[in-house]
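Working notes, beginning with the structure itself.
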């Protein structure tokens, strides 16, 4: 290492502020003074990573408000103005990794700690996400550029091993300032030469050395122990002070050297490793004696930004692949138009011809006919396991109502990303409140099947599928606890969820069931014979299993492209906020499930097979099977999950999601066929 003259603390931060970086992709500081509240004019981009991508299409005006609703904030989420020199608090959040999917508390690693650690109040969604928001030792004043040494940590062998393991597992650190998450800036360079700024949540804990990084040993972990904060602010004459609109972090690994005794007093500490830059030796996580000494430091730079406070989330939520979303919509619309043409042909031509022919025929001529009218005396015969079918229908309706309500509210901006965990919290609450339609549809359908055990049907609707999902999550929680992860649901939260379930959802299911049983049903269009009609032998392509599997292809094909982005958001921890697209995809999914179920139900009845109840549910519901199969392919092609517990979590969560998707799509298909069967048999004359 070349010899360096020691610098005092005040000289150190001035050297950092003056220094212009010349290595590729390094940001240039635009402010050289401690007080940077005055606008600095045009700002240059500050890339820390270079990514190449295909050029995105501009979002058309039709969906711009819906798909980018992040600029809308509810009353009560008011901006905060910081005066010059006022303290700006930085909070620490969880550590997360796409390789393990297990979040950890920030202070589970040997970082610098404040004198007293205090936990922030977290909502239900944050707890379920594994967030642990706490105060930090960073001291930042509004507009004051500064360089500080945070602390010195002496790590023993166990702590060094844990730190190295977390770096190999590709963990990222998440910080929060004024409700803005820390992000690392990335620049996408387009083929036309333009660049687009994007953000990635958090910053990496460290990196593994390689031959591409001079001065590092291959596969040796190095920690980012110096943070360069770039805080962007906005000022206007309408208010005093400044509003924070950006929080960027550039991590660096620096093997700090100092002369004399160590102290965090910058006026007394003589640092040799300044100015801080990427040309300095990196800090390895390697134990060479009894302890490993790591010095943590940070510096702050302030930049004026023309972005207003209400639009500060736009860069975080920007998705540079709008053309793929539009391709997804066009692909889905093509499927819908195809099915709509088939249904229109059936309803307008074939079905009308059948109705006219059946109504004009004599009874003797009918004996020689074949078709769906011949099963009129069996088509309303109750199916096998009617309670299970009605419970599946009720839960599916509950999930569909929950999804539609949550997506609609998010599309309008009511679930702002500034409210961390708000979407998950709202989704759970809406599911509880949608117990009324679940009970109503379940009981009303069970009544139409001439069922008498209404109490058993209602209890099954309220408890069956929620119990299955709760038991699965409860067992998984033991595995997460065994990993000492903050993602483990606390016992008190479990109790709160159970109280919500039994105190809100279950009673509302009974309320809906009461009104469902009290509702008057129209008389069936036809009477049911006591002796079931024999079903003729079916062609191979009309056999139940093949017919059901074919019915799930088109509903899955209508959503699989958007499904990719949703899974990327969940498992690769990316921002997803294009709920306008998602609302359109949900609408297309509903139409697709309804139409494919009606088409296959019509073909089934024409072949004199009157067992349509379960078939109509399973036909569109089989798309859940394709969803799970797609998740297996996604695991091996897109993810780098390591370890038994993370793999178990992935496949179990996707299995549960596929089951819920099966209930939603199956319910749509059943309701459509139920209406279709009543409509066509009500249009013919039966002696």
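From the backbone N, Cα and C atoms, a Cβ is placed for every residue, glycine too.
According to TrEMBL, the protein carries these features:
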| type | residues | note |
| --- | --- | --- |
| REGION | 22-43 | region 'Disordered' |
| TRANSMEM | 324-347 | transmembrane segment |
| TRANSMEM | 387-415 | transmembrane segment |
| TRANSMEM | 421-441 | transmembrane segment |
| TRANSMEM | 462-482 | transmembrane segment |
| TRANSMEM | 494-517 | transmembrane segment |
| TRANSMEM | 538-565 | transmembrane segment |
| TRANSMEM | 577-605 | transmembrane segment |
| TRANSMEM | 617-636 | transmembrane segment |
| TRANSMEM | 648-681 | transmembrane segment |
TODO: Please figure out which one of 387-415, 462-482, 538-565, 577-605, 648-681 racks up the most CB pairs under 8 Å against the transmembrane segment (617-636).
DONE: 648-681
Open item on the list: I need to check the long-range neighbours of the transmembrane segment (648-681): which residues 6 or more away from its ends have a CB within less than 8 Å of a CB in the stretch?
Closed with: 101-102, 351, 355, 372, 376, 379-380, 389, 392-393, 395-397, 399-400, 403, 441, 445, 465, 468-469, 472, 476, 479-480, 522, 524-526, 551-552, 555, 571, 589-590, 593-598, 601-602, 605, 612-613, 616-625, 627-628, 631-632, 635, 639, 641
TODO: Examine the transmembrane segment (421-441) against the transmembrane segment (494-517) and state whether at least 3 Cβ pairs sit under 8 A, considering only residue pairs 6 or more apart.
DONE: yes
Open item on the list: Under 8 Å between C-beta atoms and at least six residues away from its ends: which parts of the chain pack against the transmembrane segment (577-605)?
Closed with: 63, 65-70, 317, 319, 325, 328-329, 332-333, 335-336, 339-340, 342-343, 346, 351, 372, 375, 379, 400, 403-404, 407-408, 410-411, 417, 542, 547, 550-551, 554-555, 558-559, 562, 565-566, 611-612, 615-616, 619-620, 623, 665, 668-673, 676-677
Open item on the list: Short question: most Cβ pairs under 8 Å with the transmembrane segment (387-415), which of 324-347, 462-482, 494-517, 538-565?
Closed with: 462-482
Task: Tertiary contacts of the transmembrane segment (494-517), as residues 6+ beyond its ends and Cβ separation under 8 Å - done: 124, 394, 428-429, 431-444, 447, 454, 457-458, 461-463, 466, 470, 474, 477
- [ ] Determine which residues of the chain contact the transmembrane segment (538-565) at the Cβ level, with the cut-off under 8 Å and only residues 6 or more beyond its ends counted.
- [x] 319, 324-325, 327-328, 331-332, 335-336, 339, 576, 578, 581-582, 585, 588-589, 592-593, 596-597, 600, 603-604, 607, 609, 615, 618-627, 630, 634, 665, 669
Open item on the list: Give the nonlocal contacts of the transmembrane segment (324-347) in its own chain as ranges (CB under 8 Å, at least six residues past its ends).
Closed with: 57, 67, 554, 557-559, 561-562, 565, 578, 581, 584-585, 588-589, 591-592, 595-596, 598-599, 602
